[in-house]
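The following features are taken from TrEMBL:
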type: SIGNAL; residues: 1-29; note: signal peptide
type: BINDING; residues: 99, 100, 200, 201, 202, 266; note: beta-D-galactose binding site
type: ACT_SITE; residues: 200; note: active site, proton donor
type: ACT_SITE; residues: 304; note: active site, proton acceptor
């Protein structure tokens, strides 16, 4: 959405706690098999977003620039059918465990579990049919000054190989003139299980389809990353970013040093003063997007706040196994502003 000389700024805040499609109507539902497929618009003035209960997915976020031109700043597919069986995870709520589980297996209390391997020998974003590939029900929808919608899903025992029944909620809420929040809850009902949810939206603050994000200014308050192997599994180490292309502690353009990173940025950042990670990912090449846009390489950037990848295998990483009686909570706040 870079028209004139204005720059759109996106600020993301995240807290992770453990406690004891363009043109889509504002509200529409249609049947898909025995389930209802719904599209829901949340709006406050000129700021709006569209979500669907398929994968609890964000389809659009529309904001004005300094000249009042409104554009959609998130990437997405041209129609809802393209979201079925996709592997890019545009705008989706991913789980039961975001990122990778090495070998598609883990052990809890000496009992082995095997999860669906959909990324070579590993499990990625919950398996072949993760939370992005299911219908969620609408628990609550509120209009008015601060509109919000809550989606609910019960993940069954053995789904994609994960243990126990798990109740999951995600709430999308417009909190102010140009801000919205994402609040995720999960509660194991009968067995210990790993939980690591992530919101997987790809951003281009110039407007989706308007070139690449290599000139964006990015700042990540993280002094370390978790290095990975060739198949993107953490080695278990925590390495400082100082002197490397991964150093975004002060604002920098991704394009400045991306050529030094094989395959582009796809790494878990260890946020300063917190125990959760933040991943920066490149966008897939050649996807046909909304409004006829074709997303070229580096057409968007995904900032996924999450637990450390493959934490089930790394005792030095913060744990991600939750037991019945415990509640997983993950809160994100997105704020937009214009720099003239």
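Glycine residues also receive a Cβ, built from the backbone N, Cα and C atoms like all the rest.
It is 8 Å from the Cα atom of residue 201 (beta-D-galactose binding site) to that of residue 304 (active site, proton acceptor). Counting other C-beta atoms within 10 Å of each candidate's C-beta, the binding-site residues 100, 200 are led by 200.
Residue 266 (beta-D-galactose binding site) sits 11 Å from residue 304 (active site, proton acceptor), counting Cα to Cα.
Put simply, residue 304 (active site, proton acceptor) is 9 Å from residue 202 (beta-D-galactose binding site) when counted between their Cα atoms.
In terms of local Cβ density within 10 Å, 304 ranks first among the recorded positions 266, 304. Between the alpha carbons (Cα) of residue 200 (beta-D-galactose binding site) and residue 304 (active site, proton acceptor) lies a span of roughly 6 Å. Every protein chain shown contributes to the tally, and the Cβ of residue 201 (beta-D-galactose binding site) ends up with 26 other Cβ atoms within 10 Å. For residue 202 (beta-D-galactose binding site), the number of other Cβ atoms no farther than 10 Å from its own Cβ, over all displayed protein chains, is 28. Counting every protein chain shown, the number of other Cβ atoms lying within 10 Å of the Cβ of residue 99 (beta-D-galactose binding site) is 26. In this structure the C-alpha atoms belonging to residue 99 (beta-D-galactose binding site) and residue 304 (active site, proton acceptor) are separated by 9 Å. Taking CA atoms as the reference points, residue 304 (active site, proton acceptor) and residue 100 (beta-D-galactose binding site) are 13 Å apart.
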